[in-house]
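Enquirer: I am attaching a structure below and will ask some questions about it afterwards.
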Amino acid sequence: MSQSKGMVVLAYSGGLDTSCILVWLKEQGYDVIAYLANIGQNEDFEAARKKAVNLGAKKVYIEDMRQQFVEEYIWPAVQANAIYEDRYLLGTSLARPCIAKKQVEIAKKEAAEYVSHGATGKGNDQIRFELTCYALYPEVKIIAPWRMPEFYNRFRGRSDLMEYAKKHNIPVPVTPKDPWSMDENIMHISYEGGILENPKNHAPPGLYLKTKNPATSPNEPDILEIEFKKGVPVKVTNTKEKTQHSSALGLFCYLNEVAGKHGVGRIDIVENRFIGMKSRGIYETPAGTILYQAHLDVEAFTMDREVRKIKQHLSQRFAEQIYNGFWYSPECEFVRSCITKSQEMVEGKVLVSVLKGQVYVLGREAPHSLYNEELVSMDVQGDYDPADACGFIRINALRLKEFHRLQKSKKN
C-alpha cells in the first residue's frame, strides 16, 4: 500500500464537483476529511455525510454555522450598510470567511497539512477562501484542483465530471441540472453562469427560489417594527400578527420569510470581480434588504452628520474588503472597529411596510435622536434665529463669486 501524501480538509458541498474532487484527491494519494458548513442552505446534511463516507472520506464534519454567520459576519455588514458597487449586499462574500475559518480550525485540530476547495480559477471565491486560510493558518498548503492543469485538462466540462462519477460510483443527480450555477446561504441565493452569462437573457421564471414574484405577491403589506441597539437588530415585531422575534437567527429567518413572501430583495446586476473581469449575477437577499433600509433610517436619525460622512466612506471600503476576500486583514479589522465605534448611539425603532417587492419606511423613534422637532419646526423659532442664515449664506457664496469672477475674466 502506497504511503499517504498527507491529510487534506476539503470544503465539501455534496455536489458533483466536490464529490469528484474528494475521489480525485484520494486518487492522488491524500487522506481526505470532508467538511460541510451549514450556513442556511437547503441541503440534506445526513445524506451528504453518508455520501462522503461512501466515497472514502476518513472523517466528515458537518458544522452548524448559521448563528455564527449571522452574529459575526452579517451583523457587522448591517452596521456598516455594506453594499458593493451600490447594489450587491455581499451574501456570498460574507459566507466565505465564515466557512474557511471553521475549515482552518478543523485542519489544525486534525493536524492536517492541506486544505482544499472546489472554487473555480476565474471567480472570487478562490481568493476569499485562500486569503482566510493563509491569514489564520500561515503554514497551510492549499490544493485548488480547478487551477491545476492535471485536473482541469482532465475535466473540461460537466460531461467529463459525470463520466468520472459513473466510473467511480459517485451518485449523480437524476434530474436535469439547471442551466446556471447557484449558491445559497441564510442571507441570499446567487445565480450565475450558463444561460445567464449572456447579459441580455432574462432570468427564467422558475429561477427564483427565495422570493415570490412581486407582481403576484400579497396585496396587503406586513408592517414590521425593527428595533436596533448599537446598530444591531435585536427585535422584530409584526404589528398585525403581534409576533416577536429577538434571537439573531430567529429574527433573520423571520425577516427572510416575510420579505420572501412579498418578493423583496431581487437584483440582476453586472459587477466587477476582484481579478479584473465583469460578471453577471442575479441575487435574492430578502432579510438583508429590509435590514439595509431600516438601518439606514435609524442611523440617519441618530448619527452626527460629519461622522456619518466619514462612516459612509469607510462602509464603501469595508464592502470592497469583504468582496475581495480581506475579512481577516489588518485594514478590515481597523475599519470594523471604526464602524463599531460609530454605532454606539445608533439605537431606536423603525416601522416599515413590506409590499410588492418594496420596503417603505413609515416612521422611526430613538431615545438618543439628534432630531430636534422644535428646532426644525416652521412654527417655533426656538434657539435658531432665521437672520443668522444671512451671514451663513454670504460666507458660503464667497468662493462661488470668486470662481465665477475668474471664469468671466478668462472669457474677456
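Every residue, even glycine, has its Cβ placed from backbone N, Cα and C.
These numbers come from a predicted model, not from an experiment.
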Enquirer: Name the residue, out of Glu72, Glu110, Glu271, that Swiss-Prot lists for the same L-citrulline site as Tyr88, Ser93, Asn124, Arg128, Ser181, Ser190, Tyr283, please.
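Expert: Looking through Glu72, Glu110, Glu271, the residue Swiss-Prot assigns to the L-citrulline site is Glu271.
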Enquirer: Can you figure out which of Ala11, Gly14, Asp17, Ala37 (the binding-site residues) comes closest in space to Arg128 (L-citrulline binding site), comparing Cα atoms?
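Expert: Comparing Cα positions, the candidate nearest Arg128 (L-citrulline binding site) turns out to be Ala11.
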Enquirer: Which three-state DSSP class does Ser93 (L-citrulline binding site) fall into?
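Expert: The three-state answer is helix.
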Enquirer: Do you see any of the binding-site residues Asp17, Gly118, Glu271, Tyr283 whose C-alpha is within 10 Å of Asp125 (L-aspartate binding site), and which ones?
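Expert: Cα filter at 10 Å returns Gly118.
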Enquirer: Under a criterion of Cβ-Cβ distance under 8 Å and sequence separation of at least 6, what residues of the same chain contact Tyr283 (L-citrulline binding site)?
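Expert: The answer is Tyr88, Leu89, Gly91, His188, Ile189, Ser190, Tyr191, Gly265, Arg266, Ile267, Ile269.
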Enquirer: Whole-number answer please: how many Å between the C-alpha atoms of Glu271 (L-citrulline binding site) and Gly14 (ATP binding site)?
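Expert: For Glu271 (L-citrulline binding site) versus Gly14 (ATP binding site), the Cα atoms are 28 Å apart.
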